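Chemist: The structure under discussion is supplied below as structure tokens; questions concerning it will follow.
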Protein chains: 4
Amino acid sequence: MFSTNPFDDDKLREECGVFGVAGADDAAALAALGLHALQHRGQEAAGICSFDGTQFHTHRAMGHVAGNFDRDDVIRALPGSVAVGHVRYSTTGETALRNVQPLYADLASGGFSVAHNGNLSNAMRLRRDLVRAGSIFQSTSDTETIIHLVATSSYRTLLDKFIDALKQVEGAYSLICMTPEGLIACRDPLGIRPLVMGRLGDAVIFASESVALDVVGATYEREVDPGELVIVQGGEVRSIRPFAPQAARPCIFEWVYFSRPDSIADDRSIYSVRKAIGAQLAIEDPVDADLVIPVPDSGTPAAIGYAQQSGIPFELGIIRSHYVGRTFIQPRDEVRHLGVKLKHNANTALIKGKRVVLIDDSIVRGTTSLKIVQMMRDAGAAEVHMRIASPPTRHSCYYGVDTPERAKLLAAKHDTKGMRDYIKADSLAFISIDGLYKALGEEGRAKIRPKYCDACFTGDYPTTLTDQDDVAAVDQFAMLEERVS
Amino acid sequence: MFSTNPFDDDKLREECGVFGVAGADDAAALAALGLHALQHRGQEAAGICSFDGTQFHTHRAMGHVAGNFDRDDVIRALPGSVAVGHVRYSTTGETALRNVQPLYADLASGGFSVAHNGNLSNAMRLRRDLVRAGSIFQSTSDTETIIHLVATSSYRTLLDKFIDALKQVEGAYSLICMTPEGLIACRDPLGIRPLVMGRLGDAVIFASESVALDVVGATYEREVDPGELVIVQGGEVRSIRPFAPQAARPCIFEWVYFSRPDSIADDRSIYSVRKAIGAQLAIEDPVDADLVIPVPDSGTPAAIGYAQQSGIPFELGIIRSHYVGRTFIQPRDEVRHLGVKLKHNANTALIKGKRVVLIDDSIVRGTTSLKIVQMMRDAGAAEVHMRIASPPTRHSCYYGVDTPERAKLLAAKHDTKGMRDYIKADSLAFISIDGLYKALGEEGRAKIRPKYCDACFTGDYPTTLTDQDDVAAVDQFAMLEERVS
Amino acid sequence: MFSTNPFDDDKLREECGVFGVAGADDAAALAALGLHALQHRGQEAAGICSFDGTQFHTHRAMGHVAGNFDRDDVIRALPGSVAVGHVRYSTTGETALRNVQPLYADLASGGFSVAHNGNLSNAMRLRRDLVRAGSIFQSTSDTETIIHLVATSSYRTLLDKFIDALKQVEGAYSLICMTPEGLIACRDPLGIRPLVMGRLGDAVIFASESVALDVVGATYEREVDPGELVIVQGGEVRSIRPFAPQAARPCIFEWVYFSRPDSIADDRSIYSVRKAIGAQLAIEDPVDADLVIPVPDSGTPAAIGYAQQSGIPFELGIIRSHYVGRTFIQPRDEVRHLGVKLKHNANTALIKGKRVVLIDDSIVRGTTSLKIVQMMRDAGAAEVHMRIASPPTRHSCYYGVDTPERAKLLAAKHDTKGMRDYIKADSLAFISIDGLYKALGEEGRAKIRPKYCDACFTGDYPTTLTDQDDVAAVDQFAMLEERVS
Amino acid sequence: MFSTNPFDDDKLREECGVFGVAGADDAAALAALGLHALQHRGQEAAGICSFDGTQFHTHRAMGHVAGNFDRDDVIRALPGSVAVGHVRYSTTGETALRNVQPLYADLASGGFSVAHNGNLSNAMRLRRDLVRAGSIFQSTSDTETIIHLVATSSYRTLLDKFIDALKQVEGAYSLICMTPEGLIACRDPLGIRPLVMGRLGDAVIFASESVALDVVGATYEREVDPGELVIVQGGEVRSIRPFAPQAARPCIFEWVYFSRPDSIADDRSIYSVRKAIGAQLAIEDPVDADLVIPVPDSGTPAAIGYAQQSGIPFELGIIRSHYVGRTFIQPRDEVRHLGVKLKHNANTALIKGKRVVLIDDSIVRGTTSLKIVQMMRDAGAAEVHMRIASPPTRHSCYYGVDTPERAKLLAAKHDTKGMRDYIKADSLAFISIDGLYKALGEEGRAKIRPKYCDACFTGDYPTTLTDQDDVAAVDQFAMLEERVS
């Protein structure tokens, strides 16, 4: 219930969701439904590209899937039995339509359309080299780099060109590509971002999360493996693994916040993992209180887990409005905390005089937590305790998640006591990194080759970060120059 | 949490919310915020009218408050320290902007603006007489009847004209009127629709629900009494009671579904009443089950009450999407129950093999219940029991609630067993009418003068229904003619 | 050629054009075409109301007929065999859609739609009295006064009510009204504004000008006479003349500027009258020059007449752009006369070293004339002589023409020599008032009962001006009070 | 007067106009004004790209300059002292915004923006080769070929790369390119399309026609020579001529129809050339008639010339509406010739009983001529003679002019007598090709190296037509295959 993630300025944000289908009479309609179920992964823009056996058709729009892709005329203009779709949240200043995916290019081999979830960590360096050799980019997207690598590859077949391109990129990518021959779905060797595969009758479907299979009535089949290419062509499904095998490192934050609670990832129910996190939190950080209150909506499963483990009743102490408006004119100074009140309101009759435990999934900047704690106090809470269903978020993500610069992460500036002071709670506790791994069925975080990418908590990045290093080199060089002159 | 009521085709719908403020520098901005908090009472259109001491300014728009009234230019075009606002859901085919409230008229006494929650039950007859005498209506709204009665009244002062008008109308009305002198708020003698009063510094505020006071940081003062006129003029607040006193009959459905759970009505927390209904339901209609699952979002407080009373764990078995699109193209026949899946998805991993109790607030047509039960079975539920937090809805409302014609109400066609067969549940039970009154603190429904209007459950309408009688008379006459000829 | 009148800030502007048709299967399509041909009479807004035998259908829009009423969906939403249409240029600040005509009202007798060309000179006083008696106005238009007079008339039949209403109004009105019975077209007793009647098969058509008959292929039949009501009902056409007969006074400016040159008014070709004015001007005010140059487009017919009479060659010395943009950002001070250059450009190669006679239809503020003369000098003209095809415009119009306040009329402030100095021409001359009447076939302007309304030139208003007198009385009273206090 | 060319389905259409400015504080505002003056050269879309010393800014829009580029916010979003602009009429089905110019690309050397008037005759073959080598095209425009040739050139400097690119293309091009260093304007070796250069203070301006200099108050300096590159960089202006010299062949149709009459091309006034054509036509093809009537607006200068030479009076026999709507619903069959009537109306009072000579600039399909002749007869003309101010248009243009396929050109199907029969005139005559050259100051058309490109009249194309030949080869090959199989 309630747990898909609407826009919140104080959350980490998944940047993209992808969907692909081959072999269905009404591929674009299925893609529209699938993208709707993935809407929480990207609310800024959406796009669908279909292939009708002869021509590619593309529609891309700023805004939600509903309102753009629920229209009969739009879907009818996307005929064909193969389609790829994409929802996007942009991290850069560029919100132009030309960055909205799926990207499309006319290659010598025919049309080529690609939808990408993730982020390449050497895209800037590759781009610079490509432009020097004569490639002209039409977007500022890292994804376009892949297309130019394919276009200029000296290999002969499209598949060889594509593998040649993948071997040059580093970082996170779950890709769904459409060609006149069919679909190619693939996932980077570490499997950082998710990608699942399902069936609907004869049709093969790929999607970022299993809920996109549910919404079209498809059956979940399996994950696309890290480093695997799945090729769907004329009803045949083939698998290729062109990379040397290595241990996977899927993003742990998908379980904490990004994925919908009704999704299955790595054969685990997101909802049950979140409840387990809440239960583990109640064991690690108990508190004597009257009410367990979720910060809606993302804190709810963990709050249920915390309540069941602790025996403290679960209650709706904060009511969330479904009608969000982000830019309301603030009428006057007395109306404090207005922004948060438009979205959340305290259930005053319930809270008055009570000791409450608030459960939230994470703290990013801390601004929302500060307002929520104050809202509880204004409503007459006797004590306000905050429990967080993830470890402190201390590092930026370079793999397709929108994180603020480090200087704005509350946990990068303060220890837990300092954070408690900032949000003005009576107590504050985070689940431990080992506790989080326990909730996922491990004994704790392995020292060597931990099972997940948890760089945002630990700073342990599983790939090289070429573009970051280049920037750092330039900065160092600049510093050097300054000293010299 | 989650309990404001987004649009659902299979719910009764409150038709309107009203807001008024006098004595605030930024009246229109406050009105926009207040209407945003009342958005669940009417999602079709919104309007604000302000008075700047010299001129009236009006902006009305189809659609939500957010998107229309959160824009700086719109609010700046509504200057003044007095404002009235309105959100509307239209029951008729007429969606034209001219029906969007507040309605405005230039009377001989100056401008007159009115926002109305409720419905007059003799508006058609009054309109016919007014048109014959030369009045020209610009809308099809029953509210305009009141304005013409004021305009053509032979009394001298505007207040006397207004009281003269009110004495001619019958039905439900919570009105907020704005004149060059200030505000007049009033409620029909039975107080069928709610209206509360609050303060923000020197400003006086009226609103349909107390949440609209919360959002602007105002203090709840009291309800406007049934039959009372509250007049705010130059900082003074006066009360007039021009009607003979009679026992009030506020709409009981406000507690069941319409009002937000964080509102206070009749000094009772809506949330705690709903939990009490759930607990009462667990006492009246227990069931041996593994999980209590709310039908999101409106069934949640009753589900918590049911779970706490019964000891069966409360779990999120149905996940609701925040991104609603109502008109998605349905791709093919195999994709059954598509409409409901776009909004709701079963938490399959949780439900598989379990006996579940679903808690919903009401059943109107039964179409949603049928789909939800089927969704539980598709997810592998061992048993599906449905419990409803209100008695069977058997009668139409003529007081400002959008009810389908009686023939479409499931409870008007079937007894509980027939309804259970229709929705295909293993069991179905409704709270009793006495149980509902108990949850509201009564001993049961009084035979004489029951405390609430519960006509939708009982058919006991507290006023005459002139227009309905006229229609019936015409129908009877037509039948008579048919027999004669 | 080229002589319909696009928007020019320095012209008098006709405020309205009307069109009505009864008895055609596709009435709204004919109305759209007719209004398109009348577009020069009002470019701000347009509207069409149709009646399909049961219901009235209305579409009104800001902007041109093309772009709004050339769309298939719009016309299909206006079914029926009877329709009225209106194009409007608003003189007041009010540009709201509710002022766009045809106005519509539900009267006790049924729907009533009205399109009005002209202006009532006692509308404000009538409105004040109606509001006091309880009428509620929905627009600020003087036309609505007529509807309320009809609605509240104590006569029994609609026709009697309508005649009762007309007898109370004063000023200029060419009206086309639509009722469930058919059309009523009428013209005020002085026939100030034009109204013609034609036939297309069995259909009867009314329009402000004969060009609206041409465009739909209809045959011109006759003018509606001053003071006449023509009633079209079920294929029958009746004429009623409820007013005492009096000499007509049609607006002389229709021949000077308002009407299209291909229209016929009072059985005279507008084009041939304009050529005759030019010829008369050449006789009255000859000049020794090399080229006769029209100020495009309205000066062209008079320029041809002037050239033919004088023997000086007619040449295109000013080129007009068809693509008008009124608000271009002016880049810098050196780019002088930018506004006029966007619309007009000198044909420099032609003009250089030549003595030119510019022919324009009128001078209002004089701002355009000043720029045009300068443009000729910049292009190297040896001498620039200006000849005007109407007498000096010295007085405001209260009968439906947009005139600036008197203080802004160049001729109200200066004699001809002063005007010549202002526009910096080598010479300036206007046709005499008697010369103008001669071009219209008279011997000159009759001292008693002149044949035309020429108040803008002479100040001789043919009706009382009640509202102007009321304003003046208030002003005098205010002055009196000031003196007393 | 009246002579800029609004859209007409039965005219040849110039496809583009270009404008560039360097060294002006408000370059984009000047570009907007200049494009407005060039609007007749392309009404489908417009674009401006500016450079502010650091960044390129682009705005492109479907529709007219006015309405898109007369808005303050648009111009303010285009800062900088250098700008290029483009108006476009698209010949292909592709109307997508991505084809609207100026095109822009990020090259290794920095931004590169280009506006192109003309058409390359080997663009398809070049594109095929570029795509095979890895170039990815984002538009279907032939202009993009030039950009990719620049991007992939092996030369070192941008200027050398650009010249390398130009040497590979064939056909017509007047180009204005913007780089971080400044502007490069150039014209193909034959100078098929026009390009002029002017000054406004220190700023240098390039434009398709001199009227675009007039509108911003700039001084005409000279034409850019065929085969010349003019480079504006940091206030310096340099000229480069990288091509072997050859005789120019500018498009003769610019004088007949495309250019505005107030433009100067090749140091000749377009207006005076058109009058000379009219006079030559009167000498070659005299007729005994009462009135000379221009087909508005493009026939007007030639009609004045014809009238002055023949002594027959020039009169406005056809009135053109300024308010064009192209898709009005045609109400019924009786309303014949509706399309033409919306735009043109006969001045019946003038024409009745008269022998008229109609002067038009050209006949393309003949459909308009047919309607105009019929309109004259319907208005009562005694005789209708048609005289055309150009030779018969018998061949397609491949250099940037929209011509119908040959099969639709009336002159490709009929001799003059057949054309007269088709349009139903009493007589029809065209100016001879030698007469046309005479009006341009020549003795006649030179057998060898005629001075103009007149391929549309003569079929004598001055360049190879590679893409046409490729199509023809494929067709021949297809025919061959058919025969073999």
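Every residue number used here counts from 1 along the chain in the order it is shown.
Backbone N, Cα and C define each Cβ position, glycine as well.
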Chemist: Of the residues B:Ser298, B:Ser310, B:Ser321, only one is listed by TrEMBL in the Mg(2+) site with B:Asp360, B:Asp361. Which is it?
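Modeler: So, going by the record in TrEMBL, that would be B:Ser298.
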Chemist: Looking at Cβ-Cβ distances, which residues of the chain lie under 8 angstroms from B:Asp360 (Mg(2+) binding site) while being 6 or more apart from it?
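Modeler: Those within reach of B:Asp360 (Mg(2+) binding site), by Cβ under 8 Å and sequence separation of 6 or more, are B:Pro294, B:Val295, B:Ser298, B:Gly299, B:Ser369, B:Ile372, B:Met386, B:Arg387, B:Ile388, B:Ala389.
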Chemist: Provide, as an integer number of angstrom, the distance between the C-alpha atoms of B:Cys453 ([4Fe-4S] cluster binding site) and B:Cys16 (active site, nucleophile).
Modeler: 18
Chemist: Which of the recorded positions B:Cys16, B:Cys397, B:Cys456 has its Cα closest in space to the Cα of B:Asp361 (Mg(2+) binding site)?
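Modeler: When the Cα distances are compared, B:Cys456 comes out closest.
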Chemist: Give me the Cα-Cα distance between B:Cys456 ([4Fe-4S] cluster binding site) and B:Cys16 (active site, nucleophile), rounded to a whole Å.
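Modeler: Distance (Cα to Cα, whole Å): 18 Å.
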Chemist: Could you tell me the C-alpha distance between B:Cys251 ([4Fe-4S] cluster binding site) and B:Cys16 (active site, nucleophile) in angstrom, no decimals?
Modeler: 14
Chemist: For the binding-site residues listed here, B:Cys397, B:Cys453, which shows the highest count of neighbouring CB atoms within 10 A?
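Modeler: By the 10 Å Cβ neighbour count, B:Cys453 comes out on top.
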Chemist: Could you say whether, by DSSP, B:Asp360 (Mg(2+) binding site) belongs to a helix, a strand or a coil region?
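Modeler: Looking at the DSSP assignment, B:Asp360 (Mg(2+) binding site) belongs to a strand.
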Chemist: Taking 10 A as the limit, how many CB atoms besides its own sit near the CB of B:Cys16 (active site, nucleophile)?
Modeler: 27
Chemist: For B:Cys16 (active site, nucleophile) and B:Cys397 ([4Fe-4S] cluster binding site), determine the Cα separation and express it in whole Å.
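Modeler: Between the Cα atoms of B:Cys16 (active site, nucleophile) and B:Cys397 ([4Fe-4S] cluster binding site), the distance comes to 14 Å.
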Chemist: If you average pLDDT over the domain 'Glutamine amidotransferase type-2' (B:16-235), what do you get?
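Modeler: For the domain 'Glutamine amidotransferase type-2' (B:16-235), the model's average pLDDT rounds to 93.
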Chemist: Across all the protein chains here, work out how many other Cβ atoms are within 10 Å of the Cβ of B:Asp361 (Mg(2+) binding site).
Modeler: 27
Chemist: Applying the rule Cβ within 8 Å of the centroid of the Cβ atoms of B:Cys251, B:Cys397, B:Cys453, B:Cys456, what extra residues of the same chain belong around the [4Fe-4S] cluster site?
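Modeler: Apart from the listed residues, the neighbours are B:Ile192, B:Ile252, B:Phe253, B:Tyr399, B:Val401, B:Asp454, B:Ala455.
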